[in-house]
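One structure is given here, and the rest of the page talks about it.
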Amino acid sequence: IDWHPVFWGFVLQFSFAILTLRTEVGYEMFKWVGDQVNLFVRFSDGGAAFVFGDSFRNTRAGFFFESAGVIVFFNSCIFVLDYYGVLEFVVLKLGRAISMCLNTGPVESVVSAANIFIGLSEAPLFIRPYLPTITKSELHAVMTCGFSSISGAFMAMFIKSGAPASHLLTAAIISAPAALAISKLMYPEMETVDLDTQKDIRARDENSPKTLVQAASDGAAFSTKLVAAIMVNMMAFVSILNLTNATLVWLGERAGVQGMTFDFLCAYLLYPITFLMGIDPEDSGRIGSLMGVKFMATPFVAYADLGLMIKNRHVFESYASNSNASWYVSGEDVILTETNTTLYKGFMSVS
């Protein structure tokens, strides 16, 4: 095992995490960046409202409509940046910096940098001409980096649902060196890397868009697969969760336990883990439930529920500011009596 990339990969990860989470300058800097990203993704509302109507957020499928809008908008912007060479410039420069720090090959370093901005299926396009000649260790690094992060489009979607942008950005950046460190620890390089053929990596090829409009259109067309995948996955897993909940409730009633659902079990089983993560005790159960849905089903459903809880918190704070306001809890829901409003799945104490 070459311990140089392993050691410095973890050093970079923890150093950047300390900078962004434990220092005031780093925290404020990334908070500002996160605010700008939030502002950026809001521009997708215009396209979504034009297609789905101004009241698309108030429908039952509001999360999907918002997700579709932000994914199409973000991917179009990424393709435009790639057309002008901005994305290629940033990824290649960052990849070379990672290669110098970790002493890793140019191919795996560029893919590691690309996964900060794009996903598992798009990042290898930067190194497509080199894929037939890379070593097994490099291929393992490419796959590890891809699975260590999420695509920029999905990140934008999760930000739109209410997840803190600064947290997601920090996680994406610190995952780049950490993924290479883990990869080189699990699958060390045992072959000779042909560095001469990897000196001048270029992402452009003959299929690149010829005009700005074509680049934006290609980005929108590419998004259709992602939007369709989100739609069918949410349909499938929500239905499966409903079936699972009905089965668990029936089994629970046979044993004298009322309301034994998948969320209920995850809330208790994962409570110790969420508590050790630093979650407030009153929120640990809800976070455990969301984590269970994310791990066992799909993150789309979990983030949709998270976004709903965050919105419910804002609605409740506005409602509770009235001194005469009254409410009561019914299961997981909160009923606002004055406005006859039901906050489905309630809310968390911190949003």
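Backbone N, Cα and C atoms are what each Cβ position is placed from, and that goes for glycine too.
Summarising the annotation, TrEMBL assigns domain 'Concentrative nucleoside transporter N-terminal' to 1-54. Marked as transmembrane segment by TrEMBL: 6-23, 63-84, 139-159, 168-187, 226-250, 262-279, 291-310. TrEMBL lists 68-163 with the feature domain 'Nucleoside transporter/FeoB GTPase Gate'. Summarising the annotation, TrEMBL assigns domain 'Concentrative nucleoside transporter C-terminal' to 167-313.
Same-chain residues lying 6+ beyond the ends of the transmembrane segment (168-187) with a Cβ under 8 Å from its Cβ atoms: 1-2, 5-10, 12-13, 16-17, 20-21, 30, 33-34, 37, 98, 101-102, 104, 108-109, 112-113, 115-116, 136-137, 140-141, 144-145, 147-150, 155, 158-159.
For the domain 'Nucleoside transporter/FeoB GTPase Gate' (68-163), the DSSP-based tally of helix, strand and coil residues reads 75 helix, 0 strand, 21 coil.
Within the same chain, residues 64, 67-68, 71-72, 75, 151, 153-154, 157, 259-265, 293, 297-298, 300-301, 304 sit at least 6 positions outside the transmembrane segment (226-250) and bring their C-beta atoms closer than 8 Å to a C-beta of that stretch.
With a cut-off of 8 Å between Cβ atoms, the residues of this chain six or more beyond the transmembrane segment (139-159) that come close are 37-38, 41, 44, 66-67, 70-71, 73-75, 78, 104, 107-108, 111-112, 115-124, 127, 165, 168-169, 171-172, 175-176, 178-180, 182-184, 186-187, 223, 226, 230, 299, 303. DSSP places the residues of the domain 'Concentrative nucleoside transporter N-terminal' (1-54) in helix, strand and coil in these numbers: 48 helix, 0 strand, 6 coil. Averaged over the domain 'Concentrative nucleoside transporter C-terminal' (167-313), the predicted model reaches a pLDDT of 83.
Residue counts for the domain 'Concentrative nucleoside transporter C-terminal' (167-313) under DSSP (helix as H, G, I; strand as E, B; rest coil) come to 112 helix, 0 strand, 35 coil.
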